Amino acid sequence: MTPSITAGLAFLAASFSVGLARSVSRSDLRASYDYVIVGGGASGLTVANRLSEDADVTVLVIEAGPFDEGEDFITIPGLGGGGFGSRYDWNISLARNDLLGIPVQACPQGKAVGGTTVINLMAFDRGSRSDYDRWERLGLPGWNWETLLKYFKKAKTISPPQPDIAKEYNITVDHSVHGFKGYIQSTYAPFYWPTTRNIVDAFLELGIHIPADSGNGDAYGGYFTPQNRHPVTAARVSARDAYYETARDRPNFHILTDTLVTRLLTKGKSGSISISGVEVSSLRCLRTGTVTADKEVILAGGAIRTPQLLQVSGIGDPALLERFDIPVVVDLPAVGHNFHDHLHVPLLVDHNASLVPSNLTTNATYAAESRELYDRERAGPYTSVGADFLGFLPLRTISNSSTTSALQQAAAAQDVTEFLGDNTPAAVVRGYKAMYKVLTERLPAPDSAVIELISADRQLVVSLQQPYSRGSVRINSSSMEDTPIADSRVLHNPLDVEILVEGIRWARTLIETEALAELQTREVLPGANVTSDRDLAAFVLEAGRSAYHLAGSCTMGPKERGGVVDAQLKVYGVTNLRIVDASVMPLLPASHPQATVFGVAEMAADIIRGRI
Ligand SMILES: Cc1cc2nc3c(=O)[nH]c(=O)nc-3n(C[C@H](O)[C@H](O)[C@H](O)COP(=O)(O)OP(=O)(O)OC[C@H]3O[C@@H](n4cnc5c(N)ncnc54)[C@H](O)[C@@H]3O)c2cc1C
Ligand SMILES: *[C@@H]1O[C@H](CO)[C@@H](O)[C@H](O)[C@H]1NC(C)=O
Ligand SMILES: *[C@@H]1O[C@H](CO)[C@@H](O)[C@H](O)[C@H]1NC(C)=O
Ligand SMILES: *[C@@H]1O[C@H](CO)[C@@H](O)[C@H](O)[C@H]1NC(C)=O
Ligand SMILES: *[C@@H]1O[C@H](CO)[C@@H](O)[C@H](O)[C@H]1NC(C)=O
Ligand SMILES: *[C@@H]1O[C@H](CO)[C@@H](O)[C@H](O)[C@H]1NC(C)=O
Ligand SMILES: *[C@@H]1O[C@H](CO)[C@@H](O)[C@H](O)[C@H]1NC(C)=O
Ligand SMILES: *[C@@H]1O[C@H](CO)[C@@H](O)[C@H](O)[C@H]1NC(C)=O
Ligand SMILES: *[C@@H]1O[C@H](CO)[C@@H](O)[C@H](O)[C@H]1NC(C)=O
């Protein structure tokens, strides 16, 4: 241990009086750990918990944000969204996208122990079997549904819906596809807004597949989604609740909060580069220090910060690094590429339903009564996140066969590289070609969704699930204190717009069902007079907004096909550096991503422990 490290750590120990009460006690803080994990969010806490099960292994998590204080906007599902712009949010924006009506969009990103799971909207679902099997087809042995299912199960404990909800909506739970010993409590809301009945009936009327339990790999059609919530208190269960609180008493598990990892410390020569530790900066007192990693550094900062940290540390595209005078440590141009996202296009509707979530904000009496009910019985409107039945629709469900095959032919005829950004590295282009092939083959598949449909209050949100567009995350300075340019280039490939237009047309079919006509549902925006492909495409561009399902920017894959990490999640060209967060997903599943992030992180922990 060098004196400078000791000095650095002494300041850290002294400066975290609040965090210390729950994390590292002053005398406990070590100068080195076997594993140093950057980021205490969904993936980081999962891996930390599992690695620290081995009592002879020491683990440190370094998290930029603080512990939350159990604020109502974090714990109460009906107040979801209340954490955006709070002190638990990085409060950053995505890059300008000139195609969209709103060129710059704020992007909530959790900055707390628990990461984005502290402020997200709690849908806890999985994609379809084929969404994961295609990862393996991209050259990733073992990354398939069968294997991941074990880890999806390991991560969670399912509880059935309350009997009245189960009976009214005929919700069945297939015990063979859920876990019962996992740390994340997951169950269904105890209160469904009455319009849920109409939307379910509308799906039934159209003969849409409703799987017995969408966790079984048939995650298409329409389904009731569980959330990460406690079965008794109905409150949110964050990654902190699940994976930190259950491990915090282990003497070999430490967490350092309010501390930014500013750089990876590398050593060795090209070909045998390793990471000796990390440089950190206190966000409370503007001082810096270092921590040594004896075995590995594990990156879990999320799809924006992880590629940024690699780049500021000299791992990335030499042309980009040179612009910011960063010495190249590992020439790995793929870092930051393959960044993609889901895109929401909200149709505004009106209807005469007498009870909807916005009553909580427009009627103070109703809100007060509902709050009292929540506090007293953990029941009623505030237990709901507002959307419990979600549509995940294959193209052939929303489109007729001629449009489906026309879209597939258009995709097959497209110049694959035409809509990629300038200067996309050759390896990334090769990887994208492989993805493109898989996406296009699966386009007409009956068992894999391309559009999500969310009915929420006065919106029908049509959401793109299998984007063809790809962008990148690139640094805009050499400092982790600055925001990188995170640009998914969503909708740059016109196929994405065309698929969304089909989604809008299908939403209109839904509006015309008897079940929605009963509520006198009518479209307000874009308005029923907007019908041509061109006008609907213009609406998609005007109204499209990030779904905040950021992924893929340090993708897992063969190096010659744009991989940043291999199938063991190791960064190419570095001996002891892994990535375990949402950035490693090669292709987002058609679902909300967090359950997949937790499953991947559970699997990552077993890989690191040499168990698979
Ligand atoms: C508004 C919103 C709503 C969402 N709703 C849902 C939903 O309903 N269902 C769903 O499945 N998914 C949802 N998601 C997505 C889901 O929350 C993420 O996919 C998931 O949390 C990603 O996990 P992660 O481990 O990659 O990153 P995160 O959970 O974001 O964790 C990253 C952590 O690393 C820390 N960190 C980063 N860089 C550094 C650094 N240099 N030094 C120290 N610490 C660092 C961050 O502060 C953060 O705590 C939502 C996301 C958003 C933004
Ligand atoms: C986040 O940004 C918004 C808009 O720029 C601002 O109003 C708000 O104060 C910021 N919040 C924090 C915690 O910095
Ligand atoms: C209830 O769901 C089960 C399982 O999906 C299904 O077999 C059954 O037909 C459904 N019953 C009704 C009345 O819809
Ligand atoms: C809820 O809002 C609707 C209008 O959207 C209104 O007709 C109804 O009276 C409201 N109900 C309550 C309880 O506030
Ligand atoms: C507001 O809510 C109260 C309590 O539910 C209800 O009695 C009242 O009619 C509602 N007001 C309106 C305008 O709907
Ligand atoms: C198929 O749907 C498209 C709209 O996507 C429509 O223009 C076309 O007329 C339909 N074709 C048939 C054969 O129904
Ligand atoms: C990038 O940095 C420059 C110089 O600091 C700044 O002017 C610009 O706004 C930044 N761009 C983005 C997208 O943040
Ligand atoms: C909504 O409109 C339908 C059809 O006109 C009507 O039967 C129903 O009673 C109305 N509901 C409310 C709450 O006004
Ligand atoms: C649809 O109607 C609205 C309101 O009347 C009008 O502003 C808009 O231009 C129309 N759009 C089209 C494509 O006709």
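Glycine is treated like the rest: Cβ placed from N, Cα and C.
Annotations in TrEMBL come from automatic prediction, not curation.
The signal peptide annotation in TrEMBL covers 1-21.
Among the features that TrEMBL reports, domain 'Glucose-methanol-choline oxidoreductase N-terminal' is placed at 110-133 (among others). Beyond its flanks by at least six residues, the domain 'Glucose-methanol-choline oxidoreductase N-terminal' (110-133) meets 39-45, 63-68, 74, 77, 80-81, 83-84, 86-90, 143-145, 148, 152, 156, 184, 186, 214-215, 217-220, 223, 225-229, 236, 238-241, 244, 255, 257, 302, 385, 387, 390, 392, 442, 445, 447-449, 548, 587, 589-592, 594-596, 599 of its own chain at Cβ-Cβ distances under 8 Å.
Residues annotated as FAD binding site in TrEMBL: THR116, VAL261, PRO593, GLN594. Taking Cβ-Cβ distances under 8 Å and a sequence separation of 6 or more, the neighbours of THR116 (FAD binding site) in its chain are GLY41, ALA42, PRO108, GLN109, GLY110, GLY302, GLN594.
Helix, strand and coil counts from DSSP across the domain 'Glucose-methanol-choline oxidoreductase N-terminal' (302-316) read 11 helix, 2 strand, 2 coil. TrEMBL lists 302-316 (among others) with the feature domain 'Glucose-methanol-choline oxidoreductase N-terminal'.
For HIS549, the entry in TrEMBL reads active site, proton donor. Neighbour count (other Cβ atoms within 10 Å of the Cβ, all protein chains): 24 for HIS549 (active site, proton donor). Under DSSP, HIS549 (active site, proton donor) is assigned to coil, being neither helix nor strand in the three-state scheme.
In the three-state DSSP scheme, HIS592 (active site, proton acceptor) is classed as coil. Positions annotated as active site, proton acceptor by TrEMBL: HIS592.
Between the CA atoms of HIS549 (active site, proton donor) and VAL261 (FAD binding site) there is a gap of 23 Å. The average per-residue pLDDT of the prediction over the domain 'Glucose-methanol-choline oxidoreductase N-terminal' (302-316) is 98, rounded to a whole number. Beyond the ends of the domain 'Glucose-methanol-choline oxidoreductase N-terminal' (302-316), by six or more residues, the same chain brings 38-39, 41, 92, 109, 115-116, 261-264, 266, 324, 326-330, 332-333, 335-336, 339, 473-475, 478-480, 484, 486, 550-554, 564, 571, 573-574, 579, 581-583 to within a C-beta distance below 8 angstroms of the stretch. VAL261 (FAD binding site) is surrounded by 26 other CB atoms, counting those within 10 A of its CB over all protein chains shown.
There are 27 other Cβ atoms within 10 Å of the Cβ belonging to PRO593 (FAD binding site). For the pair formed by HIS592 (active site, proton acceptor) and VAL261 (FAD binding site), distance between Cα atoms is given as 28 Å, rounded to the nearest Å.
Residues THR116, VAL261, PRO593, GLN594 are recorded as binding FAD; their most distant pair of Cα atoms lies 25 Å apart. Counted within 10 Å of its Cβ, the other Cβ atoms near GLN594 (FAD binding site) come to 25, all protein chains included. When DSSP labels each residue, the domain 'Glucose-methanol-choline oxidoreductase N-terminal' (110-133) comes out as 9 helix, 2 strand, 13 coil, counted as helix, strand and coil in that order.
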